[in-house]
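Can you keep this structure in mind? I'll have questions shortly.
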Amino acid sequence: MKEGIDMRESVAEEPKHKFFQSTEGENKSLDEVNGSVKVPKNAGFWRTLFAYTGPGILIAVGYMDPGNWITSIAGGAQFKYSLLSVILISSLIAMLLQSMAARLGIVTGKDLAQLTRERTSKTMGIILWLITESAIMATDVAEIIGSGIAIKLLFNIPLVVGILITTADVLILLLLMKLGFRKIEAIVATLVAVILLVFTYEVFLAGPQLDQMFAGYMPTKDIVTNKSMLYLALGIVGATVMPHDLYLGSSISQTRAVDRHDRQDVAKAIKFTTIDSNLQLTIAFIVNSLLLILGAALFFGTNSTVGRFVDLFNSLNNSHIVGAIASPMLSMLFAVALLSSGQSSTITGTLSGQIIMEGFIHLRMPLWAQRLLTRLLSVTPVLIFAIYYHGNEAKIENLLTLSQVFLSVALPFAIVPLVKFTSSKELMGEFVNKAWVKYSAWVATVVLVSLNIYLILQTVGVIG
């Protein structure tokens, strides 16, 4: 055993002087943390669940990033509680697909990018890497805009300076990686808790109509017949699955030490990883519901503009719009939650970038360099817009709409292979998708891909 450890250490130390390293021939996804979290043997349910708790929160972050906020709040402001049913259905689809991604990683010992690359050419691997990297950068743009505006609102500094400050998260990430994977999970969980508590408090103050709120979780035909409502519903469903979250989920499910030759150990890992994923995605569902409920309780019927972060911030401090609960503290709490959302997504974006680079093009670079490169590529267009429009937040937020197009383009290249691989008896053995799971997943795939194509065409103006 000691000999194996020494060999691993010598391999880890060998490429220190190499900036780019080839990962061809390596099988482990995120090798530095793969199997690094020990799971107690023969422990009780709660102790075992605690050991598996963590990866799910990193996945859930993608479902409550700043890019989703405006759609949810605007949905409530325009159509009250009617679109809560769309959030519910979207969350159930997310739970299904993320559980499949985790199961794929646990059973095969490889992530989605690695398995896709094994079945495609080198050229196609590069193309898929570029498409998925573009999606990660698009998510990064949303984080930068959200974090930059939050910093400006909290500290009253120029937006350009706030955007530049967001690049400092490279240093934060380096520190977190040294602390260990469990510490990363705990810090992200803390940031998510801040978001959850802020919006729970603000919804409590807003005093929503509970009977109408719960009725909103039942779908109505208006969602399909009302064109404006349909467009917002498409926006919510279209953002259901972040493509890079599927790659991430298939990889970080392998951070727990599992004996893949032991059927019971694999089955246990699948069970508890799925529970963790569903619990954390339930939190994301609650946060997105709270955002829509807040929009409905405070802004429905007021004719207020709530399509921008700054509009929302100012409205929460305006008694003519939100009534007696308006206060500077309410606005500041919103900005704190916005900053927490942007920063919590930083870690998952970096890990996803490493996974797809190693999986698709068999290349590894230092995390700090990868994060810096991704962030600089994302910051550049935002900075150009910020300087050109003299720090006008409303103009800059238009980039959010454009960034969603990249996410929509990348989605089919992640979701179709995922369903195909997890439905393969050859790959998954006895853990292959059950019939109802397979058919449900294919229906969800067709719906999501179709909606994303529709959104792309609508965004670029091909259809009205």
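Cβ atoms are placed via backbone N, Cα and C, with glycine included.
Annotations for this protein, taken from Swiss-Prot, read as follows:
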type	residues	note
TRANSMEM	57-77	transmembrane segment
TRANSMEM	82-102	transmembrane segment
TRANSMEM	125-145	transmembrane segment
TRANSMEM	157-177	transmembrane segment
TRANSMEM	186-206	transmembrane segment
TRANSMEM	229-249	transmembrane segment
TRANSMEM	281-301	transmembrane segment
TRANSMEM	321-341	transmembrane segment
TRANSMEM	376-396	transmembrane segment
TRANSMEM	399-419	transmembrane segment
TRANSMEM	443-463	transmembrane segment
Ranking 125-145, 229-249, 321-341, 376-396, 399-419 by the number of C-beta pairs under 8 Å to the transmembrane segment (57-77), which range is first?
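Maximum Cβ contact count belongs to 229-249.
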Examine the transmembrane segment (376-396) against the transmembrane segment (229-249) and state whether at least 3 Cβ pairs sit under 8 A, considering only residue pairs 6 or more apart.
no
Look at every Cβ pair spanning the transmembrane segment (125-145) and the transmembrane segment (229-249), keep those 6 or more apart in sequence, and say whether at least 3 of them are under 8 Å.
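Yes, since the transmembrane segment (125-145) and the transmembrane segment (229-249) share at least 3 Cβ pairs closer than 8 Å, they count as touching.
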What stretch, picked from 82-102, 229-249, 321-341, has the most CB pairs under 8 A with the transmembrane segment (281-301)?
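Per the Cβ count, the answer is 82-102.
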Residue list, the transmembrane segment (229-249) vs rest of chain: Cβ under 8 Å, 6 or more residues beyond ends.
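Answer is 55, 58-59, 62-63, 65, 67-68, 71-72, 74-75, 78-79, 82-83, 86-87, 89-91, 93-94, 97-98, 101-102, 105, 111-113, 132, 135-136, 139, 222-223, 277, 288, 348-349, 351-352, 355-356, 359, 404, 407-408, 410-411, 413-415, 418, 447-448, 451-452, 454-455, 458.
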What residues in the same chain, six or more past the boundaries of the transmembrane segment (399-419), come closer than 8 Å to it by Cβ-Cβ distance?
66-67, 70, 97, 100-101, 104, 112, 115-116, 128, 131-132, 134-135, 137-139, 141-142, 145, 238-239, 241-244, 246-247, 250, 381-382, 385, 433, 438, 441-442, 445, 448-449, 452-453, 455-456, 459-460
List, by number or range, the same-chain residues at least 6 past the transmembrane segment (321-341) whose CB is under 8 A from its CB atoms?
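Sequence-remote neighbours of the transmembrane segment (321-341) are 64-66, 69, 143, 146-147, 149-151, 153-154, 191-192, 194-195, 198-199, 201-202, 205-206, 298-299, 302, 304, 309, 312-315.
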